[in-house]
Amino acid sequence: MAPWPPKGLVPAVLWGLSLFLNLPGPIWLQPSPPPQSSPPPQPHPCHTCRGLVDSFNKGLERTIRDNFGGGNTAWEEENLSKYKDSETRLVEVLEGVCSKSDFECHRLLELSEELVESWWFHKQQEAPDLFQWLCSDSLKLCCPAGTFGPSCLPCPGGTERPCGGYGQCEGEGTRGGSGHCDCQAGYRGEACGQCGLGYFEAERNASHLVCSACFGPCARCSGPEESNCLQCKKGWALHHLKCVDIDECGTEGANCGADQFCVNTEGSYECRDCAKACLGCMGAGPGRCKKCSPGYQQVGSKCLDVDECETEVCPGENKQCENTEGGYRCICAEGYKQMEGICVKEQIPGAFPIFLTPETTRRWKLGSHPHSTYVKTKMQRDEATFPGLYGKQVAKLGSQSRQSDRGTRLIHSQRASSPR
């Protein structure tokens, strides 16, 4: 015996559906989980600590002229200690250090608040640099400039000029990073001490290197002139001390598809699509086709569209042909519209079309058709007047009666109007 349906409209409907589908148990719909978006990258803790200290120092500048607010500053400082070193000022500054939305700042402040208080009351004189004392020495989140990693190792090129001054040492100033130099354009090497591809040494001394660009297509050169090229970039060939473009389209270097053609560019090439009229081509336009596509024919040196409508291609009454690019389509003539595969005359306002098919007849008999009462009454009246009208014989009622190849009858009577 099937279990009783659960209470509630939605659970009951789902229970009934599970019985109908002969499922082993009721089905329950679960909402789709929201799409997962990648979380934004988190800043390195050292950067968060630096931001906290910078904000703290701005708070000190903002409150440098404040007091306890009692009106008698001299008495307050004599009896309550000086405001500039007071707990009142510290609390006021700390309240404005982190913005409401900066979660990382709030978390770091919560972890380090006791350290900040210790520095404020006991360490300011011996360690005036809060960033060095808090972020580097106490929390060990940061390294001195020019160093990186857990042990604060010097960056390539030294701490004074990391990466020779021509790149960025990865992780510099933090307890993370690899220390790898990300060199500026034109420089390469472990400490960015060499000129990169397409550049030459314009100047060099014990501490500085100036790399300048070679002439356009040169990969290596001894100077800025075209004649100074020693090696050419890909897509170019050295010829009489000059780099000349290689025409890949004239060699086997190009790799374009069957319905594409090659266009040479400086140092490379492009593959572009053939015209729609072409099956393979040697260039742009219908005049460069190797063969014509279906629906096109060779006229002189071009592949032009075939007008299929010049022949009888749209069988059927009241149909006409419309030529298209590379093909055609059959549409109903003006004043006619498509209905169940045939073109029928558009109805005059007030006329009521009756389509007699096995399905509509069945619906009328069951009373489920929206006009079943009207149609049944009309059929009974017309059958009495024209015996056999709705049987195998097709007779005319009013202005027109037609039977399609599908056995569907259209009775169009200008005297019959749609029921209201």
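Cβ coordinates come from backbone N, Cα and C, glycine included.
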Next item on the list: Pick out which of Cys183, Cys195 TrEMBL lists as the disulfide partner of Cys192.
Entry: Cys183
Check: Hey, does DSSP put Cys192 (disulfide bond) in a helix, a strand, or just coil?
Finding: coil
Item checked: Which of Cys183, Cys192, all disulfide-bonded residues, has a Cβ with the fewest other Cβ atoms inside 10 Å -> Cys183
Note to self: Just to confirm my parser: what is the rounded mean pLDDT across the domain 'EGF-like' (305-344)?
What the structure shows: 85
